[in-house]
Amino acid sequence: MAAPPASYEKELAAARKAASLAARLCQGVQKSLLQSDVQSKADRSPVTVADYGSQALVSLVLKTELSSESFSLVAEEDSGDLRKDGSQETLRRITNLVNDTLSSDGTYNLSLSEEDVLVAIDSGKSEGGPHGRHWVLDPIDGTKGFLRGDQYAIALGLLDEGKVVLGVLACPNLPLAPVGHSETESLATKVGCLFSARIGAGTYMQSLDGSPPSKVHVSNIENPADASFFESFEAAHSLHDLSSSIATKLGVQAPPVRIDSQAKYGTLARGDGAIYLRFPHKGYREKIWDHAAGCIVVTEAGGIATDAAGNALDFSKGRYLDLDTGIIVTNAKLMPLLLNAVQSSLEEKVQSASPL
Ligand SMILES: Nc1ncnc2c1ncn2[C@@H]1O[C@H](COP(=O)(O)O)[C@@H](O)[C@H]1OP(=O)(O)O
Ligand SMILES: [Mg+2]
Ligand SMILES: [Mg+2]
Ligand SMILES: [Mg+2]
């Protein structure tokens, strides 16, 4: 007899715990961010002690909670820069952050050395791929938002045979109340959301301080005139002009809601807006950790995520996502209209760029 299908319940509980602890570490750092905590990577993008600390902590919690299983992690950061001369102080600070967060939780009797932290960070070097299980982690997604004091997310997913089977998004600065509605934004509202999704079991949201989870669903808007859309805060991450041309074609009335990170997938999953548009500049290659958790959070809530040609996102190809032009997300009713608008705006863009 065939084995029953995996339920991934134990893995989801471990992922929630890991992402919640990492969120606690990041919140502490964001409150007291020192200039010396921020470095530039070789690609000139920022990285902070919190990105490294979050990656070490998630890797450690997953390994400890799921100790009997083989462990593969595809994650954004590595220890290369931390092993260079002049990084000792930064490494010491990261190690203290990880140990302080572990002891504040109280369930682990662990104290890590600096070398343990480097090793935990480097356990994220897996290449992923179509076979077996691989955890996929962005320890801070939206580092620029994190530095501004805005939105960011700890994004953790699990691939099994190339498919995302669970995902959690911890969004420490995201209000529990809907965003993008000016009436609710003026109210002092509680922040800190944890989204979690398991294949076939739906998407749930709870507060990061531990309220019971409640099931969420994407917006059921059918008329694009009533829809609002999310896009990157950073114009360098997504072509705002292209989104605006698509929105105009669709008849969307509301201005774009710009927020950082995969928090956009979370807000869409709970129906705050109806559309997410992402069109990186030419030459940018999307990584799996920037979309795996967000993708299952939104699809288990009834949404659809595709590339600009309407193909499902394929997480089985290694560390990068191979895709056509961009990523679009909406509900099943709006997707055909959205795809038409995207394709016609992309054609216009090509025509306006080619010499007559
Ligand atoms: N030039 C770029 N174009 C598109 N995305 C980028 C670029 N540089 C970094 N990113 C990544 O885009 C995501 C943030 O997107 P958003 O614009 O939706 O906030 C992050 O994963 C960020 O990485 P990181 O995880 O290092 O912050
Ligand atoms: Mg980064
Ligand atoms: Mg990212
Ligand atoms: Mg990141």
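Quick reminder: no glycine exception, Cβ is built from N, Cα and C everywhere.
Because TrEMBL annotations are produced automatically, they should be read as predictions rather than curated entries.
Sequence annotations record features per position, and here TrEMBL assigns Mg(2+) binding site to GLU76, ASP138, ILE140, ASP141, ASP290. Taking the Cβ of ASP138 (Mg(2+) binding site) as centre and 10 Å as the limit, one finds 32 other Cβ atoms among all the protein chains shown.
With every protein chain in view, the residue among the binding-site residues GLU76, ASP141, ASP290 whose Cβ has the most Cβ partners within 10 Å turns out to be ASP141. The secondary structure of ASP138 (Mg(2+) binding site), as reduced to three states from DSSP, is extended strand. Residue density at ILE140 (Mg(2+) binding site): 31 other Cβ atoms are found within 10 A of its Cβ, drawing on all protein chains shown.
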